[in-house]
Every structure is written in structure tokens, then in C-alpha cells.
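**Student:** Checked TrEMBL, it gives:
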| type | residues | note |
| --- | --- | --- |
| REGION | 1-43 | region 'Disordered' |
| COMPBIAS | 33-43 | compositional bias 'Basic and acidic residues' |
| REGION | 62-83 | region 'Disordered' |
| DOMAIN | 141-391 | domain 'ABC transporter' |
| COMPBIAS | 451-469 | compositional bias 'Basic and acidic residues' |
| REGION | 451-472 | region 'Disordered' |
| TRANSMEM | 504-524 | transmembrane segment |
| TRANSMEM | 536-558 | transmembrane segment |
| TRANSMEM | 578-602 | transmembrane segment |
| TRANSMEM | 614-634 | transmembrane segment |
| TRANSMEM | 646-667 | transmembrane segment |
| TRANSMEM | 753-770 | transmembrane segment |
| REGION | 792-823 | region 'Disordered' |
| DOMAIN | 833-1094 | domain 'ABC transporter' |
Amino acid sequence: MFSSPGHEPPSSDMALAMDGGTSSGTQTYANSERSDLEQKDKLAENRAEIDEQLTNLARKLTTKSEQLHHRSPFEAPEGGCLDPNSPNFRARDWAKAFYNARYNADENCPPRVAGVAFKDLNVSGYGSPVDYQMSVGNALLKLPTQIYQFLGGKKRKINILQGLDGLVLPGEQLCVLGPPGSGCSTFLKTIAGETHGFQVDPAAYINYHGITPKQMSTDFRGEAIYTAEVDAHYPQLSVGDTLYFASLARAPRHLPGGISSQEYATHLRDVIMAMFGISHTINTRVGNDFVRGVSGGERKRVTIAEAALSYAPLQCWDNSTRGLDSANAVEFCRTLRTQSDVFGMTSCVAIYQAPQAAYNVIVLYEGHQIYFGTAHDAKSYFERLGFLCPESQTTADFLTSMSSPTERIVRPGFESLAPRTPEEFAKLWKESPERQSLLRQIDQYATEHPFDGADLDRFSQSRKTEKSKNQRQKSPYTLSYWGQIRLCMWRELQRLKNDPSVTIVMLINNFFEALIISSIFYNLSGNTSSFFSRGAILFMMVLLNAFSSMLEILSLYAKRTIVEKHNRYALYHPSAEAISSMIMDMPYKIVNSILMNITLYFMANLRREPGPFFFNYLISFMMVMSMSMFFRLFASLTKTIQQALAPSSIILMALVLYTGFAIPVSYMRGWASWIRHLNPVAYGFEAIMVNEFHGRTFPCASFVPSGVGYENISKDERVCSVVGSVPGSDLVGGTTFVKSTYGYENSHRWRNFGIILALTIFLALCQIIATELVASERSKGEVLVFRRGSSQKARAKQHQHDEERTQAPVIQNEKHSEGPDSTLGVEKQTSIFHWENVCYDVKIKSETRRILDHVDGWIKPGTLTALMVSHFYRDIPNHVRLTSNSQGSSGAGKTTLLDVLANRTTVGVVGGDMLVDGRPRDSSFQRKTGYVQQQDLHLHTSTVREALEFSALLRQPPQYTREEKLDYVEKVLDLLNMRDYADAIVGIPGEGLNVEQRKRLTIGVELAARPKLLLFLDEPTSGLDSQTSWSICNLMETLTKNGQAILCTIHQPSAMLFQRFDRLLLLAKGGKTVYFGDIGRESRILMDYFTRNGGPALPPGSNPAEHMLEVIGAAPGAKSEIDWPAVWRNSPEYQNVRHELSNLRALANQPSPVSDTNDKSSYAEFAAPFATQFVQVGLRVFQQYWRTPAYIYSKVLLTIGCVSISRQIYTYTGF
């Protein structure tokens, strides 16, 4: 193999001929030896030649690579590997080229790195793990405790993190593993410097590569960022504009290649969208739960991309893969790996279900650290403690199972030695040699990177070179203050362009309000009979202008979360956004004021002179601005919208009453007259009243005396009946009227304008300051909330459980059983739901697009079927996605099929046959099935038991009595293991029930309806940790053992979770079937199918679900030359499916338990009569109001406040 042409070794025959054909043994041996030597020499020469060729080839490749990396990515040719809009784009090559262009080409801009070391990290908070539900009746009982705590009283201290140690060097990744409640989010927030709501022990040591925590959170805010799992974006903005804004806000001052900051931001936006597979959504609105936009999975990738564009040296990601499928989760980790390798960024990632490609890990168990180190060493560490990692379980799943008593498996012989409680795990970790080695590394790191040393100088210098010239040195922001305002103004303009409907509707609404009011005062006469009417129309004009901005309280709270997030990223000052909002709202206010004032002014026949009209408009507009600043200030000073609305309403009433029209100035009480001096509406009303009446005379319309017998009296014997009249005169001066009636002076006109202007500026400055200082209310955490009385029992039960957990012996392979009789009483199903050639077409403009293409399958009782869809998003339009609000990798592929089968589609054309026991499904199908949505939507004031009872009483068939329905609810509580928190309040997400408890309740609500046929579950494990997902799978397995048929959509399944399913329906792009059949033990049947048809074998220790997506080319970066839908159509498995479907059709000749035509109630629209609906819904609404004391007491406060003010004013004024 080392020979080259022309250098072949001689054959033995040729050697014999050269030697004259002698046959002597010695000569033969010598000739043979000489031939071997010659052959070895030639082989050596060939090898040297090949080595030289390889060296030259390597040199050429290196040169080409260097040329590629030294090429500016901003000037890359179209279609190349550096073009983000090309299918040949390679993220890693682009990253290297970008790094070289930005840092290596400019010696004055060194790259920044920031590792982190922490030791003895203790974090604590204040509160209680169990609380009771506040209601109108018991809310006052908490008042003394709240006053005591407000005055400095001690609260109950709760340890969140205890004694954590770790070291993450620049360029490394740390995977944070632990179930909800273990402190993963608190740990990431602490590392990122966001410690609001909890306290870090002052003795804890945290070192950011020579930077103190205080310096990192103030001077270098935005260099260590925390990305929460919630998606907070402006729904009206497009995906492209959202990412362009984030990129431009962090654009450095010195840009490579002399490009503009706009070109730089556009290029980075295109790159990050290509990396995360969302380039197709560039012009699609982000949306939210109420505004149509991209799918949930795509919105999650927008959140990730926005944070990645900050290029922060230290990034903390909190369950950012929630809503992503396994392939995109792995791609997310690969992108972080590229950033770490190329840019030296440090990433700390909390992933509930970690992919196989994990790196360094820290394992947390109820706030205790039980391991820190590499994933490979972690496996051997826990195996040394006595735990077993099955061959089918990945290393990441094995580590996650350590904090889950139901998942971890104890090796034989270690039953009494393996740790059980978090404290036991933590104790063994602190005594381990791995921790001692870690502590030595931390001490060495502290020596090499001391505080306030050379590392801090380099970091500061690098940050300084990126900032704008007009930005101060210690500011964490990149752009200058004026640059931030301009950027925020651009964003406000884009929001208006993308969704002008709200602005237009407000303009039309205000115009018609002015039209209706002015029609009442249409064409006022020019005599004294119009005096009161003129005052009334001017008063209404003042109020319309002043209070037209009241809804700005709602708009400010709608974007407050987004602004605070961007402030944490150091994109802009909150005050810069506030100023830009003021400026961009002015055109709307100007147009709105013109429409209202022109309508009111001229229809009412007010003073038709240019000067008075424009002065009237000037005062009206200034009142709009002044009250707008007042409402904005009130929204900025409060933490919740409830705190803002009720007090502001009371203040508004005081401002209205003390305007000067309802109660003239002379009648105002002295103790409250100060309100008038701070009231911009009062100053505005005085100005426009004087403007209307000053210098005018009005003919008198009514004299005293008048009537029969007084027709011939002289002028000197009568007087006009209005205030300000002069005896003997038929005319009344307007100046005299307003002075005598209201005490208004013409000299106050421009004075009042100046006062309103000063108040506007003062309120605006106060609001700007408040936006910088006052933050919104933070979440209280997932604390169980019980009804009063039940909370004490819950505390006692929890304490008893903790003691039992500590004292109980270690059991091998411990699992929580659902109970031997847990399935008794639950509806057992025997019918089979099957479908053939299901197609789904939607019309997009003039084009009809096929979403589902001839899908076949069935669901048999007692089986658990998984539905997966691979990269389906390009085929699904936005309006179809949003009918189901799904959050899959594809944007709605899985949920679309689920909706079609469940008969829940609202658009498009559905084709094919969907049958139950061989019979077409009828109108009673939906009543006989349960549909568990991905979102856990519940009334937050209900208890778990009340939610189940509400579903049972209104959805169960009428043949069951009320007692039977309620007894069935108790069985569902036992089946789902929810008895311990049956009386707990649901709460809002993040406060109340945790994610597992909410998911169990969602499933329970559907089970309480007694579905006769099957259950549809839309991604029940999405966003859940491994332990919770395992628990939900245990629940589904329990249901299937009882004969329940379940069709479940999944994504991002771990290897262990994937094996819990019996069958799999896999769809490819275009809605075509790739596989439908059994999964098999350890996924052997599924893997054998793909291997037999040309796919690679499953590597040892790999996740079958991830491997399957890579085989069919669905994983990011994976490609497949095999047409897998065509392979399926030609496979024997497909023929078997068709044969089984034909057999299922034959069931139509047999009786079916769910096809009873005599049961008329199952075909009714509602299961319960109207009287039952009225009573149950009425009770629930009453409970909702009763358990929302903030709303009730705010209404009571508003009523009492308004009545008290009115009584005080009108009682003592003589009115």
C-alpha cells in the first residue's frame, strides 16, 4: 500500500532470473535477504514521500483555513460558509472569522473573559413553605404581621443554598442539574448577580476572574447575565426587529472593516437566526398568549438568541431548553460550546432533562451540593457511592436521577450504605477527595486572579474601548444616553407600524366621544342662556383631554417586565425607554387632541376667533401631557397594577371635584383647598374659561323682573338674572361673569400655562427617576397555599414526612407505587380509535398547503402511544399554529395532528377516515374523550379538589348522581396522588402549585369528566425536570394499566422516558409518516427498523430518540439521503399496518360500548342542565371574588374614599 507507480518491488521470479537461476540454499537466503533490504528501503522512501504529501496537504488546508478565518465575515461571498443566508453556512467557521475580525485585527480591543469561583456559598430567604389563602374574611388577620415585618420584625429564615463550592474557568460550560425546588434558579441568579429577593451570606467567596461581585453587578452589569425560562418580548415586534434591536444596543464603537453599526447589527441578527433555525420567522411577529405570532418553541429560541447577542463573558441559562425538542436542545448546547471554544465565554446552564452532550456538572439536591466536576467523573463517583447506571441510561440522565428517589437504582450489596437524604449526599461529598481537589483549585485560582489586579484592568480596558465616546467610564451600557433614546424611539416606531390598530381604534373612539358630547351642546346661542352650557362643555373638554391618557398605566405595566430584562442585560436605561415613549406618544396625543378639540370647539359654537382657538388647543394639549406624566408616574411608583389603579381613581375624583366647576373656588373648604393648587386640571379649566369669556359681551336672555305686567318697565328698573350683570344694561360682560362666579382673572391665563408646563416637567422628571429606582414585584416562589385551617394540617404533615424520610431505611430501587387499588373505580375502556389516510390542507393566500399527508394509525386500550414530529415548522402557517397554542419544535406539527384527531380544528380541510370500533366518529366523540393541553390553564383561586369537582359536575354524563360524581373525584385524587394537596390553592404559575402538581391537576380535570374512549395529551413532559417527567410517565402508565388509551405528543425525551412508551408515530416534514409501530424493549424494534433500511446503528450509551432524529436528518446539522417516508410506504411494517386497519374496520359488525344511539344525552351540547351550570359557575365566580381581597378591598377603598371626599366637600360648602 506504500508503493508508488514505477517503484514496485521485484517479484521472486525476477530475482531468480537476475541470479542466473542458482538454487544454492546460501545464495537463495542471501538473495532473499538482499531483496528484503531493498524492499524495506523502497518502503521507507514511499513512506517518506507520503508523509511529505500529507504535510503539504495539511499545510495547504491550514493556509486555506487561516485565509477563511482571516476573511472578514461581513464581506463573505454569497453562498459561502460564512453567509448566514446560505444553506452552506457553518457557525463555527463564522465564529472564528468573526473573532479574528473583531479582536485579533484590533490590538486596542482585547477580548474579555470571566470565569467564576465560589466557595462556602450560602443563600437564604425569608418566608414559609406553606401559607394560607387570603380572602375578604381573613385578609385583615395578616395586617398585624405585615406591619410588624414592615417595622423591622424578624421573618422566618429559609436556607436555599448551603455550602456550595465550584470553579468554572473561562471557556468552560457548567451544567446545573437538579429538580424544581433544589435551588438551580437561585444558584444561577446568584452567579449572575441578581440577588433581589434573597440574601447571599457575606462570608461567601465569589471571584469573577479578579472582579468582585459588587463590581460585576454595578460597573459591569450585562457582562454576567441571567436568562429566565419565561419569554418576555414585545409581541408586536417582528423576530428580526427584536434581535436587531438587541444586537444594535450592544454594538461596539470600533467595528471591523469600517462597516456601520446598522450593517453590523443586521449581520449578527442574520447569523444568530441561522444558528437557531429561525431565519424563516424574520418578518413574523413574536406574539404572546394574546397576540398571534411565532410558535412557543420559536419564541423560546428568540429569547435564547436575544441573550446570546449580548456576547456576555458569563452567561447563566435557566431551563432555556423548555419548549424545544431534543434536537434543538442539543443545537443550543453546541452553540454555547462554540461560543466557549472560540470566544472564551463561560456558560452555566440549568437543564431539567440534560442532553447527552453535557460537560462539567454541579448536582443540587434540595439546596445541597452533592457533586461538582466533569460528567465522566461524576458517573464513577456515584457508582462508588453504591448506585447503578443501566446500560440504556445516558450519563446525564443518571446524574439527574440522583436527586430523584423514584429513579435512582442502588447496586446490590449497598442497600444500607448508599445515601438517601440530601444531607447524607452532601456529607459524603464534603468528605470526598474530589471536593478536596476542587478546594485546592479554587485557592490556586484566587492566588492567580486576585481582586483589583491586572485582570480587572484588562477587563475594564476592553469594556471601555467598546463604549460610545459620550458614555461615562463606569457605566455598564455601551451606547450613549442619547443613542439609547434614539434606539428605543426606533423600536416604538416599529411597534406602531406593526400594529397600528390600537392607536387607530383609540383615535376613533375618542373622536366619537367628542362627537356625542358636542352634539348635546350643539351650536350654543350667543346670549347669557349659554353661560352654564359653555362652562359645562369646557369642563367636559378639560376632562376628556386630561383623562385620555389613563390607560397608559396598563401599557406601562405591559412592557415593564421587558424593560427590566433589558436593563439587566445593560441594553439601555429604563429612563431612556421612558423618554423615548414620551416622545413617540406625542404625535398620537397631538392628533387625538386636534380631533377632539376641533369637534368640541366648533360644534358647540365656542369663541370662533383664531387666537382663542389656538390658546384653547394649547392648554388642552398641555393638560394631556401633564396628566399623562401623572399616570406614568403612578405606574412607575407602584409594584403591581392593583396598587396603581385604586389610589389613582381616588386621586382622579379629587382632581375632578377640585377643578372649579362642580365646586367654585369660593365654596372650597380651606383644609382641602391645597388640592386645587396642585391640580393641573384646575389651572387648565381656569385658563380656557377666561379664554372663552374675557373681552366678550353677551345679550341678556332673562331679566328680573319679567313676565306679565312687566312688559313696559324701563331698563333702569330691571336687571339681568345672571351673575355679573349690571342694572340697566342689556349686556353682560364675560370677564365680569367668570370673575364673579368662579373668581377667575384674565391675568392668570399665561400664568396657568406656565404652571401646567412646570408640573408636566416635574412629573416627567419624577417618572424618569422612578423608572430607575422602583422595580416591579418579584414572584414569591412556588409555595403551597391552603385555605385557612388546612395550612396548619399541611405544616404538620410536612414535618412528619420530613422525619419519616430521615428515619426510613434505604430501599433498593425505591419507587413510589401508585397504590394497589389506585385504579379501582376509574372508567375502563375497550373501544379502539383508528384512522386511515388522514390529510389536512390549509389555504395560505391563493395556495393550498398540505399539513398532514395520508397518516394512518390506531390507539388501543391499555397502550401508551407517542407522537413525534421532526422539523415541521416550515410547512405550517402562523394562523394554523396559533389555533392550538402549541410549543413544539416544529411550531405546531404534533399538536396539529392531535387537534385533527380530537376534532378541534377550526380552519382548513380535513380528509380521511377517523373511526371508533369501525364506525365513523359522531358528534358525541368530543364528549367521550379527554384533551390535556400543554398549557396548564386553571382558575388561580380554586383549590385542587374544587377544580376537579367543577369538571365532574359539569362534564360527567347525567346518569350519575351528584354523590357518585363527587366520589369519583376522590378516586381521581387518590389515583393521581394529589390527596396531600387536594385543598391547596392552584395559584398563578410561579406561585402556588409547582409544575408537576399543575400538570397532574390538568390531567385530573380531564379524568374527572370520565372519558369513555381515550385521552389526548399534548406534551405533558414539556419543560419538566427528569423526576417530574418520570412521575408523569408513571401516572400515564398507571392509566394504561387500567385500560385507558392514551395518545401523547412528546419532545426532548430522555432515553429512559422514551422507553416508557409502547408505540411511536413519527412524522416527517410535510406531515408524512416515517414510522408507526412498536418501540420495543430498549428501543430495539425501532432501531432495528432504521438500521435495516440503511440507517447507522445506535452508538452505545446514546439516546434512541436523539439518534432517530439524526438518522432521518431532522436534527440540526444532520442530513439524510434516504427518503424515509418512501421507505415506510414500501416496508412490510406498513403492509402490516394496512392489514390491521382493515381488521379494525370489521369491528363495525360487532356491538360497541361507546356507540349507543339510544343515549341521547351524549349527543347534547352540554352534559349538565342550565340550572346546574348556573349554580356551579355562580359559586365559582363568588369564590373567585371572595378569594381576591385585593380587588374587593380596592373597590371598597375606592367607594369609601370617593364618598368621604364628596361628603366632606358637599356637606360643608353649602351645596
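For all residues, glycine too, the Cβ spot is worked out from N, Cα and C.
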**Student:** Below 8 Å between Cβ atoms, which of the listed ranges 504-524, 578-602, 614-634, 646-667, 753-770 makes the most pairs with the transmembrane segment (536-558)?
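**Tutor:** Answer is 614-634, with the largest number of Cβ pairs below 8 Å.
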**Student:** Within the same chain, where does the transmembrane segment (504-524) have neighbours whose Cβ lies under 8 angstroms from its own Cβ atoms, ignoring anything closer than 6 residues to its ends? I mean 6 or more beyond.
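**Tutor:** For the transmembrane segment (504-524), the list is 530, 533-534, 536-537, 540, 544, 548, 588, 591-592, 595-597, 599-600, 603-606.
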**Student:** Could you give the residue numbers and ranges of same-chain residues that sit at least 6 residues beyond the transmembrane segment (646-667) on either side and whose C-beta is under 8 angstroms from one of its C-beta atoms?
**Tutor:** 535-536, 539, 542-543, 546-547, 550, 553, 631, 634, 673, 675-676, 679, 681-682, 685-686, 741-744, 1194-1195, 1197-1198, 1201-1202, 1205-1206, 1209-1210, 1213-1215
**Student:** Across the domain 'ABC transporter' (833-1094), what does the pLDDT come to on average, as a whole number?
**Tutor:** 80
**Student:** Per DSSP, how many helix, strand and coil residues does the compositional bias 'Basic and acidic residues' (451-469) have?
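**Tutor:** In the compositional bias 'Basic and acidic residues' (451-469), the DSSP-based counts are 13 helix, 0 strand, 6 coil.
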